[in-house]
C-alpha cells in the first residue's frame with residue numbers, strides 16, 4: 001500500500017508546493033548555507049554533528065522513533081525538515097520552538113497517534129498525512145499559521161467541526177488521508193472543509209468505496225481522489241459522496257487515480273458528471289472489470305470540455321467493442337485523450353462531432369482508423385503516436401474528411417511510403433510529426449501542400465529529391481537522425497527558417513544551402529561525421545561568420561571525424577593552407593620555385609663557375625674516402641715521399657713557382673727527378689724506384705707533356721703500379737687543355753687515362769687557387785714513417 005501511495009502524494013505535492021520549494025532552495029545558494037541529505041542512511045537517532053547553519057535537512061526513510069528538542073534546537077536557521085517514512089509515534093511540536101524560521105515540515109508516513117501542539121509563525125507546508133491519528137490532528141494553534149499553503153492530514157473518524165480552528169485560513173492544498181476511515185453502515189458523517197483551492201482524498205487500497213461523509217468546500221477548484229474501487233452495487237455511494245462536492249460552480253478539474261470499476265458503473269459516473277460544472281475530467285490507471293455491454297447514455301449539454309484517460313486495463317477480453325468505442329466517439333466535448341490502452345480502433349462519430357482535439361497515443365490502432373470518416377469537421381489536432389500505423393498513403397486519405405485539421409502527430413509508428421501515386425491530404429494541415437518511422441526519400445512525394453512545421457527525424461531518409469513538390473510554406477524542418485550526406489537546398493523550401501539536421505552522415509556539406517536559404521534563422525547541424533579536408537573550408541568560413549543564435553550548438557557539436565589526425569578537433573580550430581587546397585596555385589608555386597632555381601644555378605654556373613667547384617669538392621671527398629679504406633701500415637711501409645712529380649721541362653717554371661711552394665710548406669715531401677734521382681742509375685730504374693717510394697704520383701699535363709717521351713715512360717710505370725698495387729695513386733693536373741688529336745696514337749695509355757680518369761684542372765682565376773691547393777694537399781697528405789737508423 002505504501003508503494004501505491006508514494007507516487008500519488010508526490011504528484012500532488014508537486015502540483016501544490018513546487019513553487020514554494022523552488023523559491024526556498026534558490027535562497028540557499030550562498031556558500032555559507034547548507035542542504036543536508038541523510039535519507040535512506042539507516043538512522044536510528046538524529047546525528048549530533050549537523051552543521052549549525054543547515055537550512056535544508058532530509059532524514060526521510062530511516063528508523064527514527066523519537067525527536068527531542070536537543071536534536072535540532074541548535075539549527076536556528078532551519079527552513080525545510082523532511083522526516084517522512086520513519087517510526088515516529090509521539091510528537092511534541094514544541095521541539096521546534098527554537099526553529100522559528102521553519103517553513104516546510106513533512107511528517108507523513110510515520111506511526112503518529114498523538115501530537116502536542118505549539119504555535120508556529122512562518123510554517124507554509126505541514127504534512128501529517130498517512131499516520132495513525134484517530135481524529136484530525138488540528139490544534140487551535142494552527143489558526144495562527146496565516147502563511148500556511150499546504151496541509152496534509154490523516155484520520156479514521158471525521159467530525160463536522162474538526163477543521164474549525166483553521167476555518168479562516170485560505171489554503172491552496174489539503175491532502176486528506178482516509179485509508180483508515182471507517183463508519184458503521186447507514187451512518188453518515190459531515191465535514192466542512194472551508195477554504196481551499198485543491199482537495200486530494202486518498203482512500204484505502206483494495207476496499208470498495210463506502211465513505212459516507214457530507215463534505216462541503218468553499219472555493220474548491222480542483223478535486224483529486226485516489227484508490228477508488230467500485231462495482232454496480234456501491235457505485236451509488238461515490239455519486240452521493242460527490243453530490244455535495246460538485247455543487248459549487250468553481251469545481252473545474254476532477255481527477256481519479258487508481259480506479260477499478262465495472263463498465264456499467266463507469267458509464268453512470270460519466271452520466272453523473274455530464275451535468276456538473278466540471279470542465280476537465282482526468283482518470284489515471286483505470287481497470288475495467290466484468291462485461292462490457294451497451295449502456296444507455298444521454299449526451300446532453302455539458303460543461304465538460306476535456307476527458308483524459310491514461311492507462312486502461314481490462315480483465316475481460318470478449319465483449320462488445322462497439323459498445324466501448326461508441327461511448328467515447330459520440331461524446332459532445334472538445335477534447336478527448338485515451339492513451340496507453342489496448343484499444344484497437346475508434347469509431348467515426350455518427351453525426352457532426354464537436355471534437356477539436358483527439359489524443360490516442362500508445363494504443364493499437366491500424367490504418368483503418370477513421371477511414372471514410374466525414375464527421376470530424378471541427379477536429380484541429382489529432383495525435384496517433386505509438387500505434388500500429390503502416391501505410392502513409394491511407395493516412396493521407398483519412399485526413400480528407402477533416403477540413404479543420406492543423407496538427408497531426410504520427411510519430412513512433414511503422415509508416416512507409418513506396419507508391420508512385422500522388423498522396424491526397426487535407427489542405428489545412430500546418431504541423432506534421434512523422435518522426436521515428438520507416439520512411440525513406442519517397443516521403444517527400446507524399447506531404448501536405450501547406451505544411452509549415454515538418455518533423456521527420458529518426459527515419460531512413462538518405463537524400464531529399466530535387467524534383468519533389470514545392471513546399472513553399474514550410475518554415476521548420478527536423479530531419480535529424482537520418483542518413484543524409486549533405487545539407488538540403490531551399491529550392492523547394494523557399495520559406496524555410498529552421499533546420500534541424502544533426503546526427504546524419506554529412507561529411508563535407510556544401511555552401512549552396514547557406515546561399516539558397518536566405519531566410520534561415522536557426523540551423524542545428526552538429527554531431528555529423530565531418531571530413532576535415534579542403535572541401536570543408538568554405539563551409540567552416542561561412543558558418544563561423546553566422547550568429548551563435550542562428551547556428552545552434554556551435555562550436556562544441558561540430559567536430560572533425562576524419563582524417564584520424566584531426567578526429568575530435570572542433571571545426572573552428574581546423575586550419576589548412578590555401579596552397580594545399582589549390583592545384584593551380586600549387587602548380588604556379590612549384591613552377592616559380594623551379595624557375596628561380598634554374599636562374600640561380602645558371603647564374604652560378606656562368607659567373608661563379610659552380611661546376612668546377614663541385615668537381616673539386618667531389619674529388620676531395622672521393623680521395624678522403626679511398627684513403628680511409630686503405631690500411632695505414634700498408635701505405636707507410638715503403639713510402640718516403642708524399643708525391644712524385646712528373647712534368648715537362650717547359651712547365652718547370654710553374655712547378656717551381658706554384659706547385660712546390662704551395663705543397664712543401666706543410667712538411668709534405670715532394671720527389672723531383674732533378675734533385676732526388678740517384679746518380680749512376682738508369683733513368684728507368686730511378687723512375688720505377690721513386691714512384692714506388694711515393695704515396696701519389698702527380699702528373700702535370702699540358703701539350704708539352706705529350707711531346708716528352710720520358711714523361712710518357714713515367715706515366716706508363718705509374719699506371720702499371722696502379723694496377724699492381726691495387727690502389728689509386730695517380731693524380732692528373734691539367735695545366736693547359738690537351739686536344740685529343742694532339743696526342744700521338746702510340747700514347748694510348750695517356751689517351752685512356754685522360755678519357756676515363758678524373759683530373760684536377762688548374763684554374764686561371766686566382767680566387768680559385770686556394771681551394772685547388774687544399775684539394776691537392778688533402779689528396780697526398782699521409783704521415784710517413786721515420787727512416788730506421
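Along the chain as shown, the residues are counted starting at 1.
Glycine too: its Cβ is placed from the backbone N, Cα and C atoms.
Looking at 567-587, 588-608, 609-629, the range annotated in Swiss-Prot as transmembrane segment turns out to be 588-608. If you check the recorded positions 139, 235, 348, 423, 433 against residue 372 (N-linked glycosylation site), the ones with a Cα inside 10 Å of its Cα are 348. The repeat 'LRR 17' (450-473) scores a mean pLDDT of 89 in the predicted structure.
Counting only same-chain residues 6+ beyond the ends of the repeat 'LRR 11' (304-330), those with a CB under 8 A from a CB of the stretch are 263, 267, 270, 273-274, 278-295, 297, 336-351, 353, 357, 359. Remote same-chain residues near the repeat 'LRR 13' (355-378) are listed as 306, 308, 331, 333-346, 348-349, 384-391, 394-395, 397-398, 401-405 (criterion: CB distance under 8 Å, separation of at least six residues from the stretch ends). Fewest Cβ neighbours within 10 Å among the disulfide-bonded residues 265, 348, 373, 446: this applies to 348. In the shown protein chains, 16 other C-beta atoms lie within 10 A of the C-beta of residue 117 (disulfide bond).
Packing around residue 433 (N-linked glycosylation site) is summarised by its Cβ count: 21 other Cβ atoms lie within 10 angstroms of its Cβ, all protein chains included.
In the three-state DSSP classification, residue 446 (disulfide bond) falls within coil.
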